[in-house]
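Feature annotations, courtesy of Swiss-Prot:
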BINDING   Thr112, Lys113, Lys114, Asp115, Gly164, Gln165, Ser166, Gly167, Val168, Gly169, Lys170, Ser171, Thr172  GTP binding site
BINDING   Cys245, Cys250, His252, Cys258  Zn(2+) binding site
DOMAIN    63-221  domain 'CP-type G'
Amino acid sequence: MKTGRIVKSISGVYQVDVNGERFNTKPRGLFRKKKFSPVVGDIVEFEVQNINEGYIHQVFERENELKRPPVSNIDTLVIVMSAVEPNFSTQLLDRFLVIAHSYQLNARILVTKKDKTPIEKQFEINELLKIYENIGYETEFIGNDDDRKKIVEAWPAGLIVLSGQSGVGKSTFLNHYRPELNLETNDISKSLNRGKHTTRHVELFERQNGYIADTPGFSALDFDHIDKDEIKDYFLELNRYGETCKFRNCNHIKEPNCNVKHQLEIGNIAQFRYDHYLQLFNEISNRKVRY
């Protein structure tokens, strides 16, 4: 038996990496009976049948798992936003952050296309990123001339997953980092201000201290797994200040003696972050039940 990590999955064949050696594996029938499928990122134990082929016997317990796209055991989720084309959106960024925290993922923020951004807009984005840094996020704002290799190798060890809207430059970023990958990229649609999906599956690529993965771009975000009363926990500063609210289950909307509302009034919480919380709270409160 060998133990390795699934780095690629296409048509039911799972490519497993074992110290740089790749094996094409398939799961045993037991997984189908249990209606359980391995995903990219899984640590698996498999039996070698032929040269570089085998059958998966066991999938070890996952530390975490992103559902869309399916990838597991993520050490850091890098949320990639572009400054322009498509335009930087704190609302979209906050929604990605909520998704990340709902799956217990560590998140950091990468903003691209600085070289295409007017100076005034750069200043505006830098000011917004300072707010996120004060909340506790690591942020970077990069342009075409920035050294991607230096950036990636400075990131934490383990599995890094790039996630974000279509057209923000995830595949372009990886092509600069590893030109031999030659990943397909697309210009964004001028009419829709968003990109086409060029990455169609998740694949892990080796880096100095782990792996890095591109993921298919999102056209819509799914919050079906999140309850309205959980959302406050995924806005980190609301969660932090909410610990001293009068009521333990305070949703920071109309409740008396709410410390979050107090911190908002004195400027310790950004108004746009609180507004995005309210929007998402109302959206999830009013969603229709799916059967």
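Each residue, glycine too, has its Cβ placed from N, Cα and C.
Everything Swiss-Prot records as a feature, shown here on the structure.
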residue: Thr112; record: GTP binding site; contacts (Cβ under 8 Å, 6+ apart): Val80, Met81, Ser82, Ala83, Ile142, Gly143, Val168, Gly169, Thr172, Phe173
residue: Cys245; record: Zn(2+) binding site; contacts (Cβ under 8 Å, 6+ apart): His252, Glu255, Asn257, Cys258, Asn259, Val260
residue: Cys250; record: Zn(2+) binding site; contacts (Cβ under 8 Å, 6+ apart): Gly242, Cys258, Val260
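For the binding-site residues listed here (Lys114, Lys170, His252), the lowest count of other CB atoms within 10 A around the CB belongs to Lys114. Across the annotated binding residues for GTP (Thr112, Lys113, Lys114, Asp115, Gly164, Gln165, Ser166, Gly167, Val168, Gly169, Lys170, Ser171, Thr172), the two most widely spaced Cα atoms sit 19 Å apart. Look at Thr172 (GTP binding site): DSSP puts it in a helix. Taking the Cβ of Gly164 (GTP binding site) as centre and 10 Å as the limit, one finds 25 other Cβ atoms among all the protein chains shown. For Val168 (GTP binding site), the count of additional Cβ atoms within 10 Å of its Cβ stands at 29 [all protein chains shown]. Counting every protein chain shown, 21 other Cβ atoms lie within 10 Å of the Cβ of Thr172 (GTP binding site). Neighbour count (other Cβ atoms within 10 Å of the Cβ, all protein chains): 20 for Ser166 (GTP binding site).
For Cys258 (Zn(2+) binding site), the Cβ neighbour count at a 10 Å cut-off comes to 20, with all displayed protein chains included. In sequence order, Gly242, Lys246, Phe247, Asn251, Ile253, Glu255, Asn257, Asn259, Val260, Lys261 are the residues of the same chain, not among Cys245, Cys250, His252, Cys258, whose CB sits within 8 A of the CB centroid for the Zn(2+) site. Lys114 (GTP binding site) falls within a helical segment according to DSSP.
As a whole-number mean, the pLDDT of the domain 'CP-type G' (63-221) in this prediction is 86.
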